[in-house]
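Below is one structure; the comments refer to it alone.
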Amino acid sequence: MPNSVLWAVDLFGRVYTLSTAGQYWEMCKDSQLEFKRVSATTQCCWGIACDNQVYVYVCASDVPIRRREEAYENQRWNPMGGFCEKLLLSDRWGWSDVSGLQHRPLDRVALPSPHWEWESDWYVDENFGGEPTEKGGWTYAIDFPATYTKDKKWNSCVRRRKWIRYRRYKSRDIWAKIPSKDDPKELPDPFNDLSVGGWEITEEPVGRLSVWAVSLQGKVWYREDVSHSNPEGSSWSLLDTPGEVVQISCGPHDLLWATLWEGQALVREGINRSNPKGSSWSIVEPPGSENGVMHISVGVSVVWAVTKDWKVWFRRGVNSHNPCGTSWIEMVGEMTMVNVGMNDQVWGIGCEDRAVYFRQGVTPSELSGKTWKAIIAARECDRSHSGSSSSLLSAGCFFGDEVRGSGESAPSDTDASSEVERPGPGQILPAEPLDDSKNATGNSASGLGAGRTAEDTVEDACPAEGSREARPNTHPGPAPTPAELPWTNIDLKEAKKVPSHSAAGFPETTSLSSLGLLPLGLEEPYGVDDHPLWAWVSGGGCVVEACAMPRWFTVQAGLSSSVHMLSLSITPAQTAAWRKQIFQQLTERTKRELENFRHYEQAVEQSVWVKTGALQWWCDWKPHKWVDVRLALEQFTGHDGVRDSILFIYYVVHEEKKYIHIFLNEVVALVPVLNETKHSFALYTPERTRQRWPVRLAAATEQDMNDWLALLSLSCCESRKVQGRPSPQAIWSITCKGDIFVSEPSPDLEAHEHPLPCDQMFWRQMGGHLRMVEANSRGVVWGIGYDHTAWVYTGGYGGGCFQGLASSTSNIYTQSDVKCVHIYENQRWNPVTGYTSRGLPTDRYMWSDASGLQECTKAGTKPPSLQWAWVSDWFVDFSVPGGTDQEGWQYASDFPASYHGSKTMKDFVRRRCWARKCKLVTSGPWLEVPPIALRDVSIIPESPGAEGSGHSIALWAVSDKGDVLCRLGVSELNPAGSSWLHVGTDQPFASISIGACYQVWAVARDGSAFYRGSVYPSQPAGDCWYHIPSPPRQRLKQVSAGQTSVYALDENGNLWYRQGITPSYPQGSSWEHVSNNVCRVSVGPLDQVWVIANKVQGSHSLSRGTVCHRTGVQPHEPKGHGWDYGIGGGWDHISVRANATRAPRSSSQEQEPSAPPEAHGPVCC
């Protein structure tokens, strides 16, 4: 789960954030302003300061916020001087916008506010529809307006060119005041309340926000055009209300509620994608007539309210179709305010103690939750005041025997982390500042100060010598329990030598100087152990899931606050050193104990082990259905100690018992099958791979299937002596189900003579779930999920269904993925009723898949497999190719045809795409790389002996918004890298690839190709983009660059090779067609070419998604001459960019003299 933050405001107007990965409230970086309330999202936070002005806080990111400004220069031809700036009176402006109606000279295009800055000066855009224009960027037409072309013709009477300039938002990690260009007479009054939401309104543009505000006079205002690329918005719009509004709340979707002065609630109706401001108001009566609604907060499908008597209420029956709900339900607890965040999680501030509470037990099936639980988190600034010299020594007894007082003992081995409630006001022990003069005369043996607080700290933390029980706590409060502390290699001996003066008495060289032991300042409003008093909380940007709760609700009660701070300051990197040391010692000990006994004969030379079970088997012949069978896996160990296995499948045909057997040393893949109703998997052998007809088995439960998969996979790996993590040279691939497979390449795989056939490659599954993967021969592997989340390989193996012996015990983490399932609603037009769901007998199903051949209804459509679970309702998908109208419909003349978003006279059919999100949770050797979502990633392919192996590894990526990024700091020891470097582009990109010689190729979303010049290890981002013409009448969608070869794939499945690439001209000269029927291409460090073919016909069946290897690829024949077909049937992605294993030279190659280099030979790096 990615890290997110909870925002809060204390009674002094200071803004704090609490990370889901941390345990301390951190003060906002820009703390100059005092705020009354805030409303947060994942990317930014809006707030109302004490001056009643609105501010926005945009979080910093490696990807800048850029906005493109455009202006068009228009010219007309005349017989005297050719094209010139003199236009006809009826023509458009000489400098205009794209429509020609608005006058837009370059010198009058200004920045919208002081929070923006220009990236560069104006320049001409020489890209026209994915094709480069001639120098100057002019496009020609017969008149204004008309269809423009990049070629000048005899009847081209007008021309225009586009000038562009980018501006960048610079006010990040600071509170930026929202400017207003409105008429001063119509400016809104000072604001009293504000709410941000609407980011999940059905298929709104990514980053779109709805910002609502309430003025002191009770008026409701809406901020126009707020989005990721325009975080400030443009202007305020006033909305009429039936009364004076006090407070307002906007949910992530289409819910908007407000409270009136009279205590009633207002509900905004009619909010949708085309009308985010809604259309009308409805009034909802409060729960009781005596106490009206004082505060309200809404989520996706919930409404929580607080009445004037501080009672908390939950609104039942709220959804998009019924935003008013049905009735009120009183909840336990008294709150001053509540806030609904992500996933309908609820936060609140207690009425009496002013603490932040979290509503536990909120799930999609129980939206009201179960109980309130206080967040036990101190402020980050308290860490600098909670330490003292005595706290150092009291901490020493928990970290070893380096520091010993006069009455110390080791902690009890029954320590455990306990979950306690936050102490009440009477239980708080404010720490007293230590006096320097008293500390100077303290006991040097024990290191204790003279203060009473320090004595209590040591006595509570370190029990007496020989005693296993701590001294009873003389202060009221919960009984302290010992806490389990992590090991550390920090040396505390240095603290013995330092007298217990004040914090300034500790030298900076001490290993604990990072604690910042400073005396308490008089400016702090709280004591050391006092909890802050909160006034407002906002969870709109905080993601909390029931399966992964933050560490906000537990404290180590057996420790004083200073020792607790110390234990939390130890990083995982510090605790990893002793773990590695112990592991190395155990490994060496095992080797010493085993080496001396290897010459002894085994007591049992042969052993047989059998596992049986009941499964179902897909019968290969009539009646072609699932048949109940008995399985028996027989494992035996030969004289040579090698274990082998045979799988027997016993079935009955016409009351006759038969069986088939499979030697597991012949199995090349065990693949889980995408099935909505059965837990099934397939077994492939070389023969079955050529036939495209695997052995398919199904288990009764998911656990049974996982057990058999893990056991069979382990047996196959033992037969082939494959174990542990994949080698750095491994070939990675992904199936359409998202399963990850790796294959160890044989040296003969890329041999020019007699290469290893692809159908004999052994594929084993790795835990996790990805959409694509990219590997490097130095062991760096990245992946991208269906939800565009980036993941990095941790070096483990197994996970998912592979547990126990088939999985590593470390480097396995929880992984989740989200994808959308799409169905189509089809309608036909008739003269009487217009478009209806009644079609012709020859038409497709009125609810179908994209092809129209399979019926798919909302009720009958299930998640892709039983491992997935729905996480949303059905919604209209407006992002389909071709565009849609405001209701999501696409029109065409008939089924099937080319669809477009606007209706014409010849359109007799239409369709609408519906989508629903589903989620999968699994585990694997993958760690998330936050926080930028990626669309594509490429790692430089390297051979082990390359000169650049000492440099950091070059990694380029494309974000889901189309930004090009370069990852810095990637290495074998730090495969995740350190930060992103943004590389500017004039349009969003879709695919990117970096070759072995740092040649970077990319494809834009409009299908055009680009080459990045001057990319070196010392200049990782290069200097400029070169526009490369695409193949004639083709739009590219993917590119892959090897050592000297560059291949590209277009939208029609055609594979193209870039000719003419030389060291002096790395852009090449032209595209040459290689093959069709290709879905994905990967070019390796040896210029080897592997693809995923769309359809491959086998001897028994047709398979979609097949791994194919280009044969005959040589330096003088880089395109090769044929295809070798490997594993297939549902493969989506392959990466061979880590395979730098060269084939051994044959005797004939060694005897032949080396041929002289030709002009079209390989490029020297």
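Any Cβ shown, glycine's included, is placed from N, Cα and C.
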**OP:** From the list Ser569, Ser938, Ser971, pick out the residue that Swiss-Prot labels phosphoserine.
**Re:** Ser938
Subject >> Of the residues Ser444, Ser467, Ser837, Ser949, the one that Swiss-Prot lists under phosphoserine >> reply: Ser949
**OP:** Could you check which of 178-203, 1140-1165 is flagged in Swiss-Prot as region 'Disordered'?
**Re:** 1140-1165
**OP:** Give, as a single whole number between 0 and 100, the mean pLDDT over the repeat 'TECPR 8' (1044-1075).
**Re:** 94
Original post:
Residues sitting near the repeat 'TECPR 2' (254-285): Cβ under 8 Å, six or more positions beyond its termini, same chain?
Top reply: 197-198, 201-204, 208, 210, 212, 214, 218, 220, 222, 237, 239, 241-248, 291-296, 298-301, 303, 305, 307-308, 318, 320, 323-325, 878, 886
